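Q: Quick one: structure below, then a few questions.
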Amino acid sequence: MDEQEPQRQFKESRSEDTGDEFFVLGDKPYFHFVFTKSHATQMVLPTKMINLLPNAIVPVVLACQNQEWKMAYLGENSCKVFNAKWKAFVNDNNLKTGDACFFELTENSIEGLKFRVKILRDSFPIELLENAPGETSNTPIVIDMD
């Protein structure tokens, strides 16, 4: 990795993708969280992300593991969430408490949103997220589980 241009890379602890081994976040906005029971029924988007999104009901596509899930972003509500179709994404991806999820915003318009999603399994250590939030290239998250 070039020290002039640090990148945020993630390598899965248990590979389930048929795609790339590494998930490299570019310069697009993203958010992350460690999955808890409360995420099983509702996905409330963080403030840093909703400030970038439309204040409207907008179609959303979540792209993960070479599949796509369609749902809606409820941006008109005071609590900005994905609609009930979020549960299908949770169930289809067998999300469990402790899984880390990264959502990179790849498309953002009033016509629709698209997030590229990466799931890191096996109780991702929250300390890594707290110590290197990856908010800027000065504080990258680089995880190599080998």
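Easy rule for this one: first residue shown is 1, then count along the chain.
Glycine is treated like the rest: Cβ placed from N, Cα and C.
Bear in mind that TrEMBL entries carry predicted annotations, made automatically and left uncurated.
Found this in TrEMBL, in case it helps:
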- 65-123: domain 'TF-B3' (DOMAIN)
Q: Using DSSP, what's the helix, strand and coil tally for the domain 'TF-B3' (65-123)?
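A: The composition, in the requested order, is 7 helix, 29 strand, 23 coil.
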Q: Across the domain 'TF-B3' (65-123), what does the mean pLDDT come to, as a whole number?
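A: Looking only at the domain 'TF-B3' (65-123), pLDDT averages out to 93.
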